[in-house]
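*Asks:* Sharing a structure with you now.
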Amino acid sequence: MQHAETKKGVIYTAVSFIMWGLFPLYWKLLEQLPALDILAHRIIWSFVFMCIVLFFLRQWKIGWQELRSLKKNGGILSLFLASILISINWFVYIWAVNHGFLLEASLGYYINPLVSVLLGILFLKEKLNRLQLVAVSIAAAGVIISAFQYGSIPYVALLLAFSFGLYGLSKKRTSLPSAIGLTLETFMIMPIALGYLLFSGHVQPAGAESGGTWLLLFLAGVFTALPLLLFAEGAKRLPLYQVGILQYIAPTITLLIGLFVYHEPFSSSKAFTFSCIWAALLLFTFSQVKWKRASKSH
């Protein structure tokens, strides 16, 4: 029974990361639209779709109770901060995909686990073991040396990594179930998204006359929610270190799409930075597996 649940966990989690990795192909279908327009529609339609999901899961009451609880314990600010951070992350990713920065976007999600560890040290007083300390140092050195030697700072990668890392940090303060969390986050930011579309006059997207653009924008909400729901189902069946290993599926797919589908240049500065990050991730993953085995032996 346990083996069957673990197998399900691997499948759900792997599929969620594959979907995230393939996202660039989807955003490219909407590249005629400004990134802010795509973001606004993504927020709105994600909220609409998640409301439908909560209705069928019969979790409306739970969602309302969670919102009231957040109001009482002061968690609304953390929820709003999380919604701002995930919106920044979505915007930067969409912009990066449609402006030829796919390789940097993939680098951002390779860096993310290391950034999350760094944020844990700074804000949660977590401690690193020696291997993790070396891993974070190698990654930081790679970015810094690349900046000085090649004059190339991976702004997109750093924005994606830190916005998502800070998003994860803010979510630790709310501890909401994933479906309810996404619903409330999009609910919090939706007035801004609606206001932007109304005041910019971009409610009607370019090419919407055929209906194809509207369909793609609506499905952006569906495809935002689906991998998240699959990930939630998978992650609860797997130990954290296995999820940590599987998460590299998404940036690897994105990297391959950038290189072989859209033929983005792989410069010497990118090669150096990626090499440092991959070396750091190998050490980091090894330290997680080693820690897991040590904890089992005790």
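Heads up, the Cβ atoms here are built off N, Cα and C, so glycines get one too.
Heads up, here are the entries from Swiss-Prot:
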- 10-30: transmembrane segment (TRANSMEM)
- 17-148: domain 'EamA 1' (DOMAIN)
- 36-56: transmembrane segment (TRANSMEM)
- 76-96: transmembrane segment (TRANSMEM)
- 101-121: transmembrane segment (TRANSMEM)
- 142-162: transmembrane segment (TRANSMEM)
- 162-286: domain 'EamA 2' (DOMAIN)
- 179-199: transmembrane segment (TRANSMEM)
- 212-232: transmembrane segment (TRANSMEM)
- 243-263: transmembrane segment (TRANSMEM)
- 271-291: transmembrane segment (TRANSMEM)
*Asks:* Any contact between the transmembrane segment (10-30) and the transmembrane segment (212-232), i.e. 3 or more CB pairs below 8 Å with pairs at least 6 residues apart?
*Replies:* yes
*Asks:* So, taking each listed stretch (36-56, 142-162, 179-199, 212-232, 243-263) in turn and counting its Cβ pairs to the transmembrane segment (76-96) that are under 8 angstroms, which one gives the highest count?
*Replies:* 179-199
*Asks:* When only pairs 6 or more apart in sequence are counted, do the transmembrane segment (36-56) and the transmembrane segment (212-232) reach 3 or more Cβ pairs under 8 Å?
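*Replies:* Contact confirmed: at least 3 Cβ pairs fall under 8 Å.
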*Asks:* If you count Cβ pairs under 8 Å, which stretch among 101-121, 212-232, 243-263 touches the transmembrane segment (271-291) the most?
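*Replies:* Highest pair count goes to 101-121.
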*Asks:* If you average the pLDDT over the domain 'EamA 1' (17-148), what number do you get?
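*Replies:* Mean pLDDT, the domain 'EamA 1' (17-148): 90.
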*Asks:* For the domain 'EamA 1' (17-148), DSSP counts of helix, strand and coil?
*Replies:* 114 helix, 0 strand, 18 coil
